[in-house]
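For reference, the structure is listed below as structure tokens.
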Amino acid sequence: MSAEAGATVEQNHSYDMSCIFCRIANKQESGAELLHSDDDLVCFKDIRPAVTHHYLVVPKKHVGTCKTLTKDHVQLIKTMMEVGKSTLQKNNVTDLEDIRLGFHYPPFCSISHLHLHVLAPASQLGFLSRMIYRVNSYWFITADELIDQLQAS
């Protein structure tokens, strides 16, 4: 690790060295191509894509799962959605009506670091993927529904 990278990680008090998404977001993990990176978020391809375009939008700071969020996180979710849609457009997805944006509830999320699934085209999800990313089910919630729930709490 370079001194510069080490300093960046050291300064980020919300970094969890054991979290793969923290390591990817802070460029401590080789092999993950960042499709988007800004001061707060990164976006990269899912390692097990369910459709042609399956990306994850992840905060650089370690944030727990969608179950740990409060009203204060609504803007974060909205920004994550914007990054997801922008990444789709940069990758030639033109039909933003045929997408799915959402989160898995614990214990159905494999990584306990908030990550937005960005899927397109949603109409091409296979049978198993339609179950895994089933809209507003016991295990998966759309970003819009999560925002509604957080604002109502």
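Placement of Cβ uses the backbone N, Cα and C atoms for every residue, glycine included.
What Swiss-Prot records for HIS115 is active site, tele-AMP-histidine intermediate. Less than 8 angstroms from the CB of HIS115 (active site, tele-AMP-histidine intermediate) sit PHE21, LEU56, VAL57, VAL58, PHE103, CYS109, each of them six or more residues away in the same chain. According to DSSP, HIS115 (active site, tele-AMP-histidine intermediate) sits in a coil region rather than a helix or strand.
If you look up Swiss-Prot, you'll see ASP46, ILE47, HIS115, LEU116, HIS117 marked as AMP binding site, on the strength of similarity to another entry. Long-range Cβ neighbours of HIS117 (AMP binding site) (same chain, at least 6 residues apart, Cβ-Cβ under 8 Å): ASP46, HIS54, TYR55, LEU56, ARG100, LEU101, GLY102, PHE103, HIS104, TYR133.
A mean pLDDT of 96 is what the model gives for the domain 'HIT' (20-130). According to Swiss-Prot, the feature domain 'HIT' maps to 20-130, an assignment based on sequence analysis.
Annotation source Swiss-Prot lists motif 'Histidine triad motif' at 113-117. Remote same-chain partners of the motif 'Histidine triad motif' (113-117), defined as residues 6 or more beyond its termini with a Cβ less than 8 Å from a stretch Cβ, comprise 16, 19-22, 46, 54-59, 62-66, 69, 77, 80-81, 84, 100-104, 133, 143.
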Can you list the residues of the same chain, besides ASP46, ILE47, HIS115, LEU116, HIS117, whose Cβ falls within 8 Å of the AMP site's Cβ centroid?
HIS54, TYR55, LEU56, VAL57, VAL58, VAL118
In sequence order, which residues at least six apart in the same chain have a CB under 8 Å from the CB of LEU116 (AMP binding site)?
LEU56, VAL57, VAL58, ILE77, MET80, MET81, GLY84, LEU101, GLY102, PHE103, ALA143
